[in-house]
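Colleague: Below is the structure I would like to discuss, written out as structure tokens.
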Amino acid sequence: MTIQSFAIEVQMSVDYLIQQFLDIGITKTKFDFITQSEKEILFRHMNVNKIAVFNKLFLQRKTHSTLNVSSTNGKSKKVKVEVRKKRVYMVPCSIRKSHVSNNTNILLVENDNSKDKYKSDDCNELSELVACDENKISSNENQVMCFISQKEKLDHFTIRQDYVRTNELVKDVNQDLDHQIRDRKGLSNSVCCDVLLNVQDEQHDDNNFSCGLSDDMAVSNNIPEHDKQKLENVRKNLTDRLRSTRTRNLSKLVKQNKHNNSKVCMIYESDKDEKLYVLPSSRVYKNKRKQSILVQSFNKPMQKTVRDVVIGETISVAELSNKMSIKSSSMIKMMMKLGLMVTINQNLDQETAQLVVEEMGHNAILRRENALEELIMHDNNNDYQNISSKLDNAKNDMGYKNRAPIVTIMGHVDHGKTSLLDYIRSTNVASSESGGITQNIGAYCVQLANNDMVTFIDTPGHEAFTDMRARGIQLTDIVVLVVAADDGVMPQTVEAIQYIRDGNLPVIIAINKIDKSVTNVERIKNELNSYGFIPEEWGGHTQFVNVSAVSGEGVNDLLDSILVQSEILELKSMHHGLAKAVVIESSLDRSRGPVVTVLVRSGELKCGDIVLCGTEYGRVRAMRDSLGFDVIKAGPSIPVELLGLSGIPGTGEWLVVVNNEKKAREVALYRKEKKREIKLARKSEKTIIENFNSMDIIKIKELNFIIKSDTQGSMEVICESLKKLSTNKMVMKILSASIGNVTETDAVLALSSHSRILAFNVKVDLSAKNIIELNHINIQYYSVIYSLLDEVKELISSTIAPQVDFKVIGIAKVHNIFQSPRYGTIAGCMVTQGVIKLHKQIKIVRNGIIMYKGVLDSLRHFKNDVSEVKIGVECGIGIKNYSDVCSGDIIEVLDKI
């Protein structure tokens, strides 16, 4: 039988069984065989270990309490205390020895039968005497050995020579008892030797210590009455001598450990389990549990600890001091020596923190906050390169191959961009758009008659959608600039031309609406020629195509021009591997959740892929193409609508496929936290500027808005347009901007902040509708963006108070000053210009400085009250609440324009 099968039979692990064989001196492996004799030796060894364990019983008990500790600031602090008690119950020596004596008696009887010359009664008498003496000796020795064993358990104390003397004392007493036993009974040495061997064997089996018995001892179960008193006296004398010796040793230990500021715990009596705590004051207390809890043993480290401090891109002074386990005040002092004035909550950059850590003698470990993000992108690049190398080595045509061109249609509003795209796609999108204009960016994939694929991106033409047009330019390969034949070059046309120049993109000019009667194509060519677009028939390199979105004239020529241009560009991309895509538009659907429209740039996007997009992540649950059909995968230049993200990403964000969802979630959370920090930093900067503005005399008014939109792009456009409407006297403050219907939370926020709700192509939930109607909250619904902007402009003009301008209608110079009991100070003036009228606004100017603005209170001419005084006439002017008028001052009289 092998060790492995034997372990299964005895229900033990193979490692434990091999260890047991090693303990008895037999080396085995799990494939070795085992004999019957080796089994018996193993079982005997395991039984002995069990007996050794059963001789002791350990009891542990835990008590929980609360301790009130006063702190430096006067407040008490509660500390939870757990007291653990351990009590050991050992089998008394008399019980074990009785077991030994029983076995020994059996051996004596066998000896007596074999040797007739010894009498059984003599052996019994000797065994009784030996048992009595042995019990007494073992009891005393047990006390000493228990004391020594407990001392050996203490880590920072060793057994000293005093205890060795105590052991010698015990041996002397044992020898005296041995001589008494020899004198009482004189038996043959051979019988005593047999008894001694049996006793020692039993003691070895019980894992007990040697009792130091002499060779001529025998064992018995009964103790004679006349020997009890004498042996008891011997035990008492031994106990007294031991106690006196321990007291002397204890005083020596106290003197030696007086300066250690620690406690000495010693176990004296095994049956009582008392603890003596020796404090630095050399006083002995029994069971001082509170002192044992509060007074701790702590040794000050002699060497300075060098720590590894991990430093991010930014770290506060308090956090850095905690990592180095030093006080913040000490760290601030050290930084002041370096010439840095900081506070405890101030953030430090990575270089400064590294300098401080190295100055303190620790090791600085620099960590980039975006390390995980870089790791994911690096893994994606490695996978992409591996796939490319494999395909190149295999010379497979499925690697890099031609992709469909991405064509962006741009132009001024109402020049027919969407209508032209509808004719190409054989759809009617323009008729379903609100206001007849495009307000969202759209991507469509069109399959031509020759099975070639072209992806079109339709951009809005309104001036408010500047950012949306810029995003469309970043994705495109070819630009089709649509210009109406009856309208010519307009502002948004010029803007598109600027984008084309910045991106150095190939362009095709499509002159639309040539089916109208009033057209002037040559004028349009001349206008575009001034911007550097020279037609091919004029010797240039720009293609001009005349088209009509209504009749379809010239549309095929336009498509042919696009295909020719794409062949010249040789557009290729990887069609396998992890996909990369860019977000074109995103929205929130009540039944489907976040819906994201993406354009795949490289790789292959499949259902079930784990994706990371900005601050959001998720798994692709479903995909639809531009026609609304479900698809399983999408290649380069294919726009798809996917579901499964955790939230709504921003337009223009890159979507990448990753291998690990956990890492994707961590990167998304990191990006979200970083975005929040940037937002808070900008908010704090705005708060500082607002505090400075609040110091001005003129109060700046605010209009609070809550914006709800159907798509992410429309929401961004509305926010940017409202911010552009802010003036020095009126600020557009957007409290909340989100996607989806107006909810109860939006209504409550509008009620508490006195805000207006602007709902763009969205509805109101029933719960929010009740709150809005009950509290008369101002909410406006819009479907066209320029209607929204026009109404906001009217609101601003009605809110701002009309500006009042004044003009000077008369000037008077002060010649004399008079005092009147009724009117106070009266200025005697000569009118030098214009007319001075009563109750008009006036300014008092002294040496070119305006001293006072107020109202003309009284006007007299030769003690007669008059309403006006003309040029060249003297008059007296009384000014309300102002008496500091001097001779030579100029008084200007103002009137509203």
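One-based numbering along the chain as shown.
In case you wondered, yes, glycine gets a Cβ from its N, Cα and C as well.
Model, not experiment: these values are computed from the prediction.
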Colleague: Given 124-127, 500-503, 512-515, 860-863, which one carries Swiss-Prot's region 'G4' label?
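Modeller: The listed stretch tagged region 'G4' in Swiss-Prot is 512-515.
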Colleague: Would you please say which range out of 179-186, 243-250, 411-418 has the annotation region 'G1' in Swiss-Prot?
Modeller: 411-418
Colleague: Any idea which of 258-261, 458-461, 682-685 is down as region 'G3' in Swiss-Prot?
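Modeller: Here Swiss-Prot associates region 'G3' with the stretch 458-461.
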Colleague: Indicate whether Gly411 (GTP binding site) is helix, strand or coil by DSSP.
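Modeller: Going by the DSSP assignment, Gly411 (GTP binding site) falls within a strand, counted as strand.
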Colleague: Within 10 Å of the Cβ of Thr459 (GTP binding site), how many other Cβ atoms can you find? Include all protein chains, please.
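Modeller: Thr459 (GTP binding site) is surrounded by 26 other Cβ atoms within 10 Å.
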Colleague: In the predicted model, what is the mean pLDDT computed over the region 'G2' (436-440)?
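Modeller: Overall, the region 'G2' (436-440) comes to a mean pLDDT of 59.
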Colleague: Reported in the order helix, strand, coil, what are the DSSP residue counts of the region 'G4' (512-515)?
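Modeller: Output for the region 'G4' (512-515) reads 0 helix, 1 strand, 3 coil.
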Colleague: Using DSSP and three states only, what is Thr459 (GTP binding site)?
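Modeller: Where Thr459 (GTP binding site) sits, the three-state DSSP reduction gives coil.
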Colleague: With H, G and I counted as helix, E and B as strand and the rest as coil, say where DSSP puts Lys417 (GTP binding site).
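Modeller: Going by the DSSP assignment, Lys417 (GTP binding site) falls within a helical segment, counted as helix.
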